[in-house]
Amino acid sequence: MRLSVGATALLAAAVVRAEDSSSSAAEESSTSTSVVKPTFTPTTLKAAGGFLEQFTDDWETRWKPSHAKKDDKSTEEEWAYVGNWAVEEPTVLKGMEGDKGLVIKDKAAHHAISAKFPKAINNKGKDLVVQYEVKLQDSLECGGAYLKLLQENKALHQEEFSNASPYIIMFGPDKCGATNKVHFIFRHKNPKTGEYEEKHLKNPPMARIVKTTTLYTLIVKSDNSFEIKIDGESTRNGTLLEDFSPAVNPDKEIDDPKDKKPEDWVDEARIPDPEAKKPEDWDEDAPFEIVDEEATKPEDWLEDEPSTVPDPEAEKPEDWDDEEDGDWIPPTVPNPKCDEVSGCGEWKAPMKKNPDYKGKWTAEYIDNPAYKGVWSPRKIKNPDYFEDKTPSKFEPVGAIGFEIWTMQKDILFDNIYIGHSIADAEKLKAETFDLKIPAEKAEEEATAPKPEEPVKSPSDLVFMDDPVAYIKEKVNLFVEIAKRDPIEAVKFVPEVAGGLGIFAVTLVALLVTALVGGGSAPSKEQIKASAKKAKDAAADAKDKAAEAVATGADKAQAEINKRTTRSSAS
């Protein structure tokens, strides 16, 4: 009896230890997901001759929101910039403690805010570098996250900043529906007319729609070359003279608007053969199909049977009134007798293609002997022609602005650099983006939903892998099989059957002890008899368990073979 109780206790202890180990493993896993984050320290870079913004506590001295009316000539509606702004730390995947950014706070709203530069930025003879961070905390399904470098204008009133405010460069991500791109647009001044025209990058890169911070960098060099980087990786490069539409410089020659095609000009390369004649035996009226006179009615055709019959299961509605609704006629269904034969009802010969059908006659085409070629107007010098060899010499930039409509809120902007030093932009990247992005990605990975493991068959479970799951699955399987066939349960799950045998022996011993203990001390004969019964019961349980183990193992192996065969066949 002590041995059986010890075995039971040992099994219970194993379950408890397994639960404890699982709990401690979960705690250890939870602890390991904590991500160490760097602390924000304002940069010491000065951005000489440029602009650098990290949205420190004095940000409101530079940035002013606009609540002007939006100039939208395409509609009669009047839009107002009602969207609110805030400077705060990220609420999603924060990668750096104390690092604040400018945040769009309203969805489905127009937002506008700007900051004037201490001194206008002029890049004539210098490189221009524009770099800033974008964090799409609520993703981006339809809206922009681009910035505008506004034309120098001392009279600029920030509270009146709008889409009509003249800009020099527009740069950054934009996505709505199928549109997904990083804008690079610059406004170019026609040296002859003084008018401005937007030049759009022909093949812009795609924006990165992620919740971690994305770094966008634009570099325009004095030799007219440009490069766009995303997260420090080069994604597009080219020249202002070759990769934008409309082109910076117009064509030297244009079509003469006064030149007109002569009336006798022949531009038809091929014509119907004028000498061709329709053959005498050509019958344009012959039908495409004719009745197949050789067809015969199938022997099993039921000509006296209709193709549809009243539905035998249809019943007249209880509220049907013959006087008001008329005679009730049941709906019809396909005649079931017709399904077993070739057809029912009146038989008609089928149609077949007419071998004499030729259709409408047309003459064959031949090369036109009078053809003169494709006419085009003569070329003349373009009176509006000019050549700007240095479009990279943008006009002075006096402010930066975000003028955005978006369906998503919580778009965050941070660490803006506008200046002439690629090295300074790289240093700012190293101090900010390069430090926060590893922490953001680590947190993203740690908090991502874990993929569910495939459910194992009870036959595939191993006790040492997960004792708790092993015991639960085996007992549940034993109970389910036992509901239908107890003997089959013993054979298929011998582990549980053996455990029940030990439990039975223990229970008998306990009952004997209880019965005997209720009266006087047992005699030697009683003790011997009880011991013999317990011994016989244990031996019998052992034999059955051994037999069940062998049978169960064979059965389990058969199931495994069956699954393997099915897997191989599929």
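The chain as shown is numbered from 1 upward.
Note: Cβ is positioned from N, Cα and C throughout, glycine not excepted.
Among the ranges 160-187, 412-439, 468-495, 524-551, the stretch that TrEMBL annotates as coiled coil is 524-551. Within the same chain, residues at least 6 positions away in sequence whose Cβ sits under 8 Å from that of C176 (disulfide bond) are E141, C142, G143.
Summarised by DSSP class, the composition of the compositional bias 'Acidic residues' (316-327) is 4 helix, 0 strand, 8 coil. For C142 (disulfide bond), the number of other Cβ atoms no farther than 10 Å from its own Cβ, over all displayed protein chains, is 15. If one looks beyond the compositional bias 'Basic and acidic residues' (250-280) by at least 6 residues along the same chain, the residues whose Cβ comes under 8 Å of a Cβ in the stretch are 361-368, 370-382, 384-386.
Across the compositional bias 'Acidic residues' (281-293), DSSP classifies residues as 0 helix, 3 strand, 10 coil.
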